[in-house]
Every structure is written in structure tokens, then in C-alpha cells.
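Database features (TrEMBL):
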- 669: ATP binding site (BINDING)
- 45-223: domain 'Eph LBD' (DOMAIN)
- 342-452: domain 'Fibronectin type-III' (DOMAIN)
- 453-548: domain 'Fibronectin type-III' (DOMAIN)
- 637-710: domain 'Protein kinase' (DOMAIN)
- 558-578: transmembrane segment (TRANSMEM)
């Protein structure tokens, strides 16, 4: 149907020219539409209406009836082509409306109207000056539902006046060149569910080739492992819509992923990201599981790593690798660390005993198990002499610097008991020793501490008491610290310790102290002695001897008793002298002491008692030795073994061979090398003291050696 131009032209020629123009306009439109079906639309644009895809009449409303016309033709492929045209250029005051159907906005806050149209240059048509226009108006109306044709012109809101950038003339018609204009207008913000569009013609010669109504969106995409869904743009041309992303499968947020959707449908300003979870690594825009033999222990950007030394993984998406048999990880080891094992035993262990202190030294293990945190523990056990039974050393033992967790291969064990067997164990451990089911590796040293002075005797008991004697009993010290050689009993009358006291030696744990005064309170103390010296005296024990029984006789009885005793003594002496004479008494048979007995003035005289001389009164103790002891040549003495040690010397077992006598066993006391002058004087004083004794119950001093045999 040709485009009606109205009846304003009175000349027939003008009317014919206008109708010819309408037919030529359609021919050019057909050529344009044939090439417009394959237009590409950007992915960030969502069409609400595209007349180019409508098969058949668009179904729009026109008002008045002689305004816009729907023109339908077939293209070369026999596809219907539809346009709306109007060309009432000869009549003034044109007001022709073309309204679309109701368009749902589908959540769009702002829509865009793309209009493709052709427009005839008014100057190319004769007789239309003053009535021909080269623009048209675009309107919209919002509603929540389709209200049909019940819309008034004054309900529409004007969007814009649309003018053509290019218009065609008769020349263009002659060469079949039609200039197609494309104009886009935006509308927003929209608040209701749908919208109507309207085109108002005010006297132009125009053909609307196609209308596309769309809104813009930011298309779904994956950025930093976060999925951002389609996001409709904002209502304003400058608005930014914040969109929060969702992490892809097997990933997690590092920082909340966000992006902003611009009004042009472009993603801007990415913030935050997602990272692949443990056991997964990034591959393009997804996270894939770690292969067997690989692992990833924590979420992050890192890739799956190969299993560390002495470990393995047999599953997909392994978080860590299992340790091989007999290999372990400590709680402080990262999962990326290799598996390790306990260390071997320490080597080259040695001990040094100094009294009751033992120093241990050793070398590190030959294998540290693959770790650098090797530590050493010391285990102390006290062992009996008779059997192999051992027990823990107890809390009195001190370890310097400490007993457990040593970092250096040396330690001192202090406060051990003297003369005691100990087993000291050095074990090497590291961070996985507690995890291993195998026994710990160690080296043990057996040591014996030196003898020392014994501890104090705690309890001394009174066993028996008489007028002149007291029997005491006690127990061996709790800490003998060696072999008890003897016990020394010190006693004195109470209150007279500063004046004098006496001592007595005993080998057992009991003794009878004789020659005490009756009815007298005595104070007793006991101490033990080993080869290392004497211990402390015990606490004092006070014991009072029994009182003497006094006999009551009269004077006459006492005189007769004395007379009888004297008479008896005289008779015994007379009988003894007579018997000696009668038996031929000879001086040749006298004992040495008997030679010293003689009569004087009718009285029998006994030899004078020997006087003890204190060697400390001599300025030179050697002079006292020469006076009271005889010198023995060193070559006549043979030492066989050491049987004990004293304060400043050793006691040895040996043999002595004197001239014209047979070899006899003797005990020899020697002065230790490195002695002090005081020790030498004490040693010589002891020899001079022993040389003054001559009694069957006292050890006899054979002699001294003061000169070397070399």
C-alpha cells in the first residue's frame, strides 16, 4: 500500500510526485532490510523488543488512521519485511502517533531505544515549504500492566526530539542510495513493571525501518576464581552497581570478591579474590584436584607440590602425604616437611669420677634421623654390689646443667652416694621419638664413686651399765660411703670435756667401756671411719654408772683384816725367796726385767716404769724417729698390694726380711707423693709414737724407712 501524503497539494503533479516518492522509498528500504538481518548485538545488551526479528505485522497502534501506515513486502528470500511509514508533508499541523505494545522491563532500571529510520530531505520535494519537517518526537509511558489502547497523549513523557543525521534526496533515489539513520536514546530510572513507547510525527517524510528496545547488563564472567552473575546496570548513566562474586567449586574466599557494573555494561574495579582450597590447584578459571603423589596442605595460589622425602599419597586431592613406615612428623612440623625418624644412640661416651661427682661426655649420634632438634636425656640408676638389681637414683641427685633436653653432649651428675655403683644411661631423642614404637637408642656407662667419710651415726643406745663399765650399741651409718674400718668412741665425764677425754676403737657396732668411776655421769659419742676418713660424731648420749656399795664394819674388824693381809703377804714373800734359793736360782736364767729387780734395805724393788715422750716436743721429728725407732733398709721390704688408704698415706701388704731372720708378713704405711710439710711431720710423729709401745696387745713397730734405696 503506497504511503498517503494527504490532500494539501492542489496540483495533481505534486500529488503524483509525492506518491512516486513513497514507492521509491520502499524499494530502497527493501535493499536496506535485506542486509540488516545479520546484525551482531553485543553480549552486554538484552533485547526487550527487536522488530527485525518479528515475523509479520508489529501490531502497533496508530492514530489517526491516516497517519502511520504498516508496510509489508517480501524480500528475495520470501521473508516478510515490515516497516511503519508516514509522509504527510503537504498538510500542516500533523500529529500522527505510533505506539508500541506493552514491554516488560524484566528488572531493567534503564532502557535504551535504538531506532533505525530514513528521512526525506524537505528541500528535495517541491511545494512543501512550511509544512515539511525533518524530525519526530519519542515518548514513553510506564505501567504495571497492559492497558490496551486506553492511553491519552498527555500521559506520555517525552524522551527526545529525534533528527536525522542524513536525509535522502531525489538524487539518492536515482542511484538507489538510501541513507539509513540510527539513533539511540536512554530512559530511566524505570519503576513500574512495563513501559509503552510512542513515536509522534509532526510532518516529516519518514520510514521507521526497525526499533530495538534493550537494557544493558554486565555479562556473567569468572574473575579471580569468582563467578559474577549477570548484573543489570543502574538507573543512571553514571551509576555503578556493586556485585559480589561466588567462589568456584573447590575454592574459598581470600577476600570477599567484588566488582562494579558500570552503566555501559562493563565490569570495573575487581576487589578481593578466591583461592583454590587445600588439595586443589588453579587451572584456568577452575580448581582441579591434586594428582596422586602430589599434595596441597592449605588453600592459596600455590600449585600442588610433590610429596616430600619419605612420604607418599595415593588419592586425589590429598591434603598431605602419609609418612612411610617407621618415619614420622612431629606436631610442630609443617605438612610440607619431609618425614623423619628417631636418632641412633650417642657414640664415644666416657665418664670421669671425682669423689661423688661424675662427668659424662659423648659424641652426637651417627644418624640424627633427618632432624636438627636432637636432644639428650640422662637416666640415673643406683645398683647394688651383690646383684644386678638397680633402682632410680632419687631426688637428691643434681644434674648440671639439666637432666632432660640437653643440647650439648656433656653433663655433670652431682651429689651421688660415695662408694656406690651407678648405671648412667644417655639416650638421644628428637621431635619424633615420642611417636615411634621402637625403643629409644641409648648408651650406658657403669661407674663407681670414690669412698668418702661416712655419714653421722644417728642412734646410740645404752645396752648395759655397771659401776665401772657401760655397754653401747649403735647401727651402721645410713651412708657408709665405703667400707667401715672401725668405730671411734669418745667419752668423758660430764662437764670435763675441756679438761680431758678418752677414746676407744671398736670394729663392731657395740663396745664395752671399762674403768669408769662408779656413780659418775659420762658423755659418749661414736663415729665411723673409712679409708677416706672419719665421719661426724653422733649426738651425745649421757649415761651414769652404778653407784658403789659401801660396807659398814667397825674399827676392830678393819684392823684385823689389815693385819691378816700384811701377815699373809710376808709369808708369801718368804716362801718365794726360800724357794728360789733352794732351786739354785741363777742370774743366767733371769728375764731382762728380772735383772732390774733387786733388794735394797730388805725391800724388793721393781723396775721403774717407762715414761712416754711426746714427739711434738722435738723441734725435728726425725730426731724423735731415730731415738724411738730403728732404720730399715728399703731393699729388705717387698710391697705386694695396697689394702687401704689413709689421710696422708696408703696401707700396703708386704714382706720384711731382716738379717739372720726369716721373712715375715708386715703391714706398711707409706706417705703419698706430693705430701705437704705438715703431713711429713705428722707421719714421722706417728712412727715415733708407735716406736715407744711394747705390749702384746699393741701393734709392734718393726722400723722405719726414711732413705731411698736408690
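Just so it is clear, glycine is given a Cβ too, placed from its N, Cα and C backbone atoms.
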Within the domain 'Protein kinase' (637-710), residues counted as helix, strand or coil by DSSP: 14 helix, 26 strand, 34 coil
DSSP residue counts for the domain 'Fibronectin type-III' (453-548), split into helix, strand and coil: 0 helix, 44 strand, 52 coil
Residue 669 (ATP binding site), number of other Cβ atoms within 10 Å: 16
Secondary structure tally of the domain 'Fibronectin type-III' (342-452) (DSSP, helix then strand then coil): 3 helix, 52 strand, 56 coil
